[in-house]
Amino acid sequence: CTVIFTRMATKDLHKPISVLFCNLAFSDLFTSFSGFWISMLFITNPDITIFGSKDMLAPYAFYTMSILSTIYNLVSIGIERYLAVAESMRTRFRVTRNHSIAAVLINWVLAFFLGCLPLMGWNCLQMEKNLSVLYSPFCVNYLIFIAIPHVVVAFIIPLFTYLRIIIILRKRKLRMKACGQATGTYKSAEIQVARTSIFIWLLTLISYAPFFAGVIFDATNHQCHIDLYPGVYIFRNCTAMLITINCLGNPIIYTLKIKTLGAKLKALKCLS
């Protein structure tokens, strides 16, 4: 909410990256509200979060939708940064605000469609086989269909884009150094991008790797709910907490570290 209100108040939404940052903040907010919904169901009726119920379909579907939207936004930001750096010397193609808005719409349509598949019938409410133990009434094959491709997307594409950005900046720095020009700006930019990339990778790894491990366990497990209680469900709750921590880390890495935004945030605080 702080990121969204600050960017709205600074009237800086005309920049393509600002559109993606605001949408990422909205996705994280959506993830937090969905997790809060599931938490309230766990507090009021813990059994339905363990043995599964029709009441869990909608919360899990919205939770899945918000997580997918967050992943798509992280990938979109990485691609936009790469295009902004790689194409900065060319005038043939520029990332515009309309491109960012189109990417946001595509991200939400794809996340909504894949996240709502259980509501459209791909669930195991009436089936005893292929039932997920950790996320009943989801089916195991649906979790595999969602988890494996998106784990690959979340790790491979950001790795490629940020490594390419670092390589491009290093090549330009060496070219300027060979011409006898000052390279302090490029060196500073290279260090900042490298640090941000490491933070992004560590946060993504810590946040989503345990969830992926839980899906693999779910696919290979042949025990019933009672035999796994309570250890596996404590692990499941911890994976949800890590995903929520990711929602807290994204604004810090992507927006609150920006000096101009931090100055605007202080100005708004003083004004209030």
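Including glycine, each Cβ sits where the backbone N, Cα and C put it.
Some features that TrEMBL has for this protein:
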type     : residues : note
DOMAIN   : 1-254    : domain 'G-protein coupled receptors family 1 profile'
TRANSMEM : 17-40    : transmembrane segment
TRANSMEM : 60-79    : transmembrane segment
TRANSMEM : 100-122  : transmembrane segment
TRANSMEM : 142-167  : transmembrane segment
TRANSMEM : 198-217  : transmembrane segment
TRANSMEM : 233-256  : transmembrane segment
Between the transmembrane segment (100-122) and the transmembrane segment (233-256), are there three or more CB pairs that fall under 8 A, provided the residues in each pair are separated by 6 or more in sequence?
no
For the transmembrane segment (17-40), what are the same-chain contacts with Cβ under 8 Å, counting residues 6+ beyond its ends?
1, 3-4, 7-8, 49, 56, 59-60, 62-63, 65-67, 69-70, 73-74, 76-77, 80-81, 84, 97, 100-101, 103-104, 107, 240, 243-244, 246-248, 250-251, 254-255
Long-range environment of the transmembrane segment (100-122) - Cβ separation under 8 angstroms, sequence gap at least 6:
16-17, 19-20, 23, 57-58, 60-62, 64-66, 68-69, 72-73, 76, 80, 137-139, 142, 146
